[in-house]
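Student: The structure follows.
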Amino acid sequence: MSEVTVAPPVVLPPFLGHLLQGNNVTLLYTSCLFAIFGALHFTGKALPNFPLTDREKGEWNVRCVSTVNAIVCTLGSFVCLWDARNYTPEQCIYGFAPVTTFFCRLFLGYLLFDLLLEIGFGAPVLRNPTAVIHHTLWVFLNSYVLAYDVMPSTFSWLTLGEISTPCLNARWFLAVTKQEKSKLYLTNGVALMVLFFFARVVVYGIGLWHTWSLRELYMPPKHPYMHMGIVLLASIGYALNLYWMTLIIKGAARAFRRQKKQH
């Protein structure tokens, strides 16, 4: 069995200290996302030829950036999963994983970008208390993984959930431009349902089961309580995914009924 280095028990990770470390791409990625958002905001090039409110225009541009990030994170997740295919049980929980660390920094950069927008930095119309809570929690989790080199395999399958984000954003784009009765809306809805089920129900479920099967490696009091906290939060997230899956199925059913009535 390989030697395992256990991080000391902590409650909070050193957020600022971590963000200001050398060889960190987080702030660079955040800056790039703001540059993309700024270009879209001031040029209006991504906006449709359809009357939108100021709030809808702002959210349209944010969702465009979100889609770009989702593609990056999805590709990164597949790379991380491939990199983790030969991990030992100990390596799934502890140890420095360069590939996972890189993409974890990118995802943290996106969270900071979106969080700053949500709390009113340059876009007060986008304030969303629920998103602020969600992103703050994810910033904490990402920082913990990075600061203490834990749960690399868990991060890999968690971020695969981003694979359904482009379809989710596309559904909003189509809805806000009054295309809910189109075949494109129905096709996108089916794609969203399939991708969401694949990533957030099947892969997420398998990953969560695997992580729980390794609980002897991170269970307190022998190990830091926060390690177990990450797994518990992931379990709550899975329950939410199952709930959201039922909503997506209901939405797809409504779309099918609309298409049937049109014919």
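Glycine too: its Cβ is placed from the backbone N, Cα and C atoms.
Please treat TrEMBL annotations as automatic predictions, because they have not gone through curation.
If you look up TrEMBL, you'll see 25-43, 64-84, 96-117, 129-148, 186-209, 229-253 marked as transmembrane segment. Here TrEMBL flags 55-257 as domain 'TLC'.
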Student: With a cut-off of 8 Å between Cβ atoms, can you find at least three pairs linking the transmembrane segment (186-209) to the transmembrane segment (129-148)? Only pairs 6 or more residues apart in sequence count.
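Tutor: By the criterion, they do not touch.
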Student: What average pLDDT does the predicted model assign to the domain 'TLC' (55-257)?
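Tutor: Per the prediction, mean pLDDT sits at 87 for the domain 'TLC' (55-257).
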Student: Cβ under 8 Å to the transmembrane segment (229-253), counting only same-chain residues 6 or more beyond its ends: which ones?
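Tutor: For the transmembrane segment (229-253), the far contacts come to 137, 141, 144-145, 150-151, 154, 158, 161, 189-190, 192-193, 196-197, 200-201, 204-205, 208, 211-212, 215, 218.
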Student: Could you give the residue numbers and ranges of same-chain residues that sit at least 6 residues beyond the transmembrane segment (25-43) on either side and whose C-beta is under 8 angstroms from one of its C-beta atoms?
Tutor: 19, 58, 61-62, 64-65, 68-69, 102, 105-106, 108-110, 112-113, 117
